[in-house]
């Protein structure tokens, strides 16, 4: 790999490490999302603890965190495997942020941003899948897991050369939701509309 790839991996991780949920909550005077709600510093939990505009800001910033490094990678005409590593680094930064004691979010919005930069069509299909599952069952976590499991097939259909890198990112997302999966299995996960 070239020095450009290594630099973009570091940049992606550091950008991913900027926890917008914590920053937006501090600016809006909301409680720390790591200590309230689901204890997850992400857009869904910020919405859950009462900050609609902050949640939107978090969502957009987290999407940008994944999308920008991947767009730069495409600009440098890197290989799909290298672009996949950069996308993975952004997600790892969000999940294990250097600047916030490695206590991060689930990485869904950041992964979506990266995938959006790789394939708009596949990302649109993934978003539709997420929405359908959410509207049917009301679980954000279930929507994320099912979408992550299906997304590699969408990518294979539209851009097969990115199937393996995207599958790695999706595996990370599923792993990050292991606690949610256990609660879903036990019937202990509450739907979004049941939470205050």
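Just so you know, glycine gets a Cβ as well, placed from its N, Cα and C.
So that you can see what the record holds, here are the features copied from Swiss-Prot:
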type	residues	note
TRANSMEM	5-25	transmembrane segment
TRANSMEM	53-73	transmembrane segment
TRANSMEM	80-100	transmembrane segment
TRANSMEM	107-127	transmembrane segment
TRANSMEM	130-150	transmembrane segment
TRANSMEM	153-173	transmembrane segment
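As a quick check, the transmembrane segment (53-73) and the transmembrane segment (107-127) clear the bar of 3 or more Cβ pairs under 8 A, pairs 6 or more apart, so the two touch.
Across the candidate stretches 107-127, 130-150, 153-173, the maximum count of CB pairs under 8 A to the transmembrane segment (80-100) is reached by 153-173.
Sequence-remote contacts of a segment are chain residues at least 6 beyond its ends whose Cβ falls under 8 Å from one of its Cβ atoms, and for the transmembrane segment (107-127) they are 16, 42-43, 58-59, 62-71, 74, 83, 86-87, 90-95, 144, 147-148, 150-151, 154-155, 157-159, 162, 166, 169-170, 172-173, 176.
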